[in-house]
Amino acid sequence: MTTHAAEAPTTDPQGAPGSQKTPDATEAEEAARATVPHRAAAAALAREHDVVPLHQEFLDDSVSPVTAFAQLCGPDEAGFLLESVPVSGGVARYSYVGHRPVPLEPTGGDPLTALRSHLARSVAPVPGLPPFHGGVVGYLGYEAARHFEDLPLAAGPPPGLPESAFLAADDLVVFDHATRRVLLMTLYRPARESYDDAVARIVRLNRALRRAPAPAAFSGRPLAAATPADHGTQGWTANLTEAQFTERVARAREHIAAGDAFQIVLSRRLSRPLRARPTDLYRHLRATNPSPYMYHLSLGGGRHVIGASPELLVKAEGRTVRTRPLAGTRPRHPDPAEDLRLERELRADEKERAEHVMLVDLGRNDLGRVTEPGTVRVERLMRVERFSHVMHLSSTVRGRLAEGRDALDALRSAFPAGTLSGAPKIRAMEIIAELEPEQRGVYGGALGFVGADGLTDFAIALRTMVVADGHVHVQAGAGIVADSDPAAEFRETLHKSRAMLTAVRRAEAAA
């Protein structure tokens, strides 16, 4: 990707092509008075920093993150919605909606090298801001690992999205669910614009939220309960049939028996024509499978990445970096007693425990390459986390970045996740390229953001739907080890796909 983003096309508040109305003098002055930091304070900060975050409070409790995204991002425009939905009580504090982000053009080279150029040297500290207040949002596809290691690619190309894609986002709507505030934010860059120019962007964002009609699809109708037919695979085309997948599992076990790897994560893709709007897919996925990482990334031109990932790949705040592997799976059961029995079964399963410990060790090694010696610690080990359709064993690994290393170095070291590739990672990926018929694309990669100040938070791209060329694609995998049962591993791919299949069926039924 290039290090300079082109100017975004102008739009009117409805999202149609046209010129943007400039605030008149009175409106501009009122907006400046409502903006924090105020003009004089921002000028003082601008003398010391490259970027000054500005914000206004938006007073309209009828706007939600989902409706704001639908209002601000037309069906063929670039935009994003990032949320965290709690799965077991509590409040997930922030949701972010990007307004008119600028796509970064791909260069064909190392995507992380290009991303580093978008980090500001210094971002002004402004009290009371959310953690992410602008930067770059996007994904690294699984095959982007070829820029970091000498790796082969599977023969077939993935569905029609670029290998990696990022959007430069200076203008945001931020929902603070703890304080029930909505903030309109922009990054003021004093070297290339005036304070009034930055405030004018907030004014246009305010207008767009107030004047755009709410989409009919978000009428508040209750969502019907899912049925077994919702997550069936009838009408879907698989890139590996059950027989083909189980045959690949047998071949993976042969590699493991030969000492080539300890674990190999094999996946299969399901595809079908899409007869619903991508925004409705996200709405239904959010309802059926709330997850710590929820995202709808629109690349424009009818291309979307919509997901509900449970798993952190890398998060870096200051010098502290974390990864959180999930490995070991059981389906959820509606009967609490049976659900508890499945949890006990998961905790006692020696195969699942051994697989999980192996992947925790892989995470420790990944962080160890970029952290100070002796700082890598396992904060918690093998807790059970429940999601709507499955439960997983979860652990958290933490370290302190070494001098001269940054968050993007940690992302490079951990990418792709061992939980989506195997161990040892490089050899497992070589075997995956041999056994899977197509490149994975987004699946198994990572999606998240790099803040202008360096804050980095990337989830593993799983439980993720790709929309391209009028089709929707879902993909799920299973970790193959020496004693894997091929039929059980196939069933695991179905369990992991259920939430996405349900979201598609329900969105189409409501269309």
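In case you wondered, yes, glycine gets a Cβ from its N, Cα and C as well.
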Swiss-Prot annotation, L-tryptophan site containing Pro292, Tyr293, Met294 - matching residue among Ser62, Ser64, Ser84 = Ser84
Request  = Quick one: of the binding-site residues Thr329, Glu355, Arg463, Gly479, which has its CA closest to the CA of Met294 (L-tryptophan binding site)?
outcome  = Arg463
Query = In angstrom units, rounded to an integer, how far apart are the Cα atoms of Glu492 (Mg(2+) binding site) and Tyr443 (chorismate binding site)?
reply = 16
Query = Pro292 (L-tryptophan binding site) to Ala478 (chorismate binding site): how many Å between their Cα atoms?
reply = 21
Proximal but sequence-remote residues of the same chain as Gly479 (chorismate binding site) (Cβ under 8 Å, at least 6 apart) = Gln263, Ile264, Val265, Ala327, Glu355, Thr419, Gly422
Query = In Å, how large is the greatest distance between any two Cα atoms among Gly328, Thr329, Tyr443, Arg463, Gly477, Ala478, Gly479, the listed binders of chorismate?
reply = 19
